[in-house]
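Chemist: My structure is below; once you've seen it, I'll send some questions.
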Amino acid sequence: MLKPFRRETERGRMAAKKPKTYVVWQGFHPGVYPTWAQCQKEISGFSDAKYKSFSSRAAAEAAYAEGPDAYWGKGGGSKKKTPTPTIDREDLEGLGVDMSAWAVDAACKGNPGELEYQGVEIESGINLFHMGPYPEGTVNIGEFLAIVHALALLDGAEQYDTPIYSDSRIGRTWVAQGKCRTKLPPTAENRRLFNLVRRAEKWLSEHEVRNPILKWETKKWGEIPADFGRK
């Protein structure tokens, strides 16, 4: 987790993401919108809003004509949670996101289950680190480790003015307390994971946290850029 940080310099290898188009099936003014800011205006405060992002205008228009039933509740007995769109980088900047920041997130298949976590540079979309999968973990442990991993890399690069965004209140709290307060019991299966936890706690005890750790406002900005897309 605390390996020397190598910053990606060949950014040209990553193609720029195409702008997304947003469909609002149920909102104040249903329609197809070219930016998240416009879409958000139509759904914010609207009960049972139905909306989704698409990779092209043509796909969005086809989906709008098809209606929300093609995307909600197909073949399922329970009501699906309305997905939160991923917002284009250009729109994020206009909404007040610090584009120089890093974003971190974790995903877990089960509770406990197979855990992964990663960090992304928001401005470029470059994946800075990806760890796991680790068996018998929890999302909260992953969120904690992701923040500490980012802190350690930035500290090694003496890059203290770069903020770190996390959408996990528990992860941010545990880092502030310097302790992973999980109730998950250590087992033979999750030994590697708990070794990482101990290393992270040791790092926090020996280093000053100098980078700002900021809350990612999912309701305003959509899914965090480091999201695994499995919700």
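Quick reminder: no glycine exception, Cβ is built from N, Cα and C everywhere.
The structure displayed is predicted, hence computed values, not measured ones.
When I checked TrEMBL for this same protein, it listed these features:
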- Asp105, Asp227: Mg(2+) 1 binding site (BINDING)
- Glu143, Asp167: Mg(2+) 2 binding site (BINDING)
- 96-231: domain 'RNase H type-1' (DOMAIN)
Chemist: Over the domain 'RNase H type-1' (96-231), what is the model's mean pLDDT?
Modeler: 94
Chemist: So if I draw a 10 Å sphere around the Cβ of Glu143 (Mg(2+) 2 binding site), how many other Cβ atoms end up inside it?
Modeler: 26
Chemist: I'd like to know which of the binding-site residues Asp105, Asp167, Asp227 has the most other Cβ atoms within 10 Å of its Cβ.
Modeler: Asp105
Chemist: Distance between Asp167 (Mg(2+) 2 binding site) and Asp105 (Mg(2+) 1 binding site) at the Cα atoms, whole Å?
Modeler: 7
Chemist: Take the domain 'RNase H type-1' (96-231) and count its residues per DSSP category (helix H/G/I, strand E/B, coil), listing them in that order.
Modeler: 47 helix, 35 strand, 54 coil
Chemist: Determine, to the nearest whole angstrom, how far the Cα atom of Asp227 (Mg(2+) 1 binding site) is from the Cα atom of Glu143 (Mg(2+) 2 binding site).
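Modeler: Here the two Cα atoms are 11 Å apart.
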Chemist: Using C-alpha atoms only, work out the spacing between Asp105 (Mg(2+) 1 binding site) and Glu143 (Mg(2+) 2 binding site) and round it to an integer in Å.
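Modeler: Each residue's Cα considered, Asp105 (Mg(2+) 1 binding site) and Glu143 (Mg(2+) 2 binding site) end up 6 Å apart.
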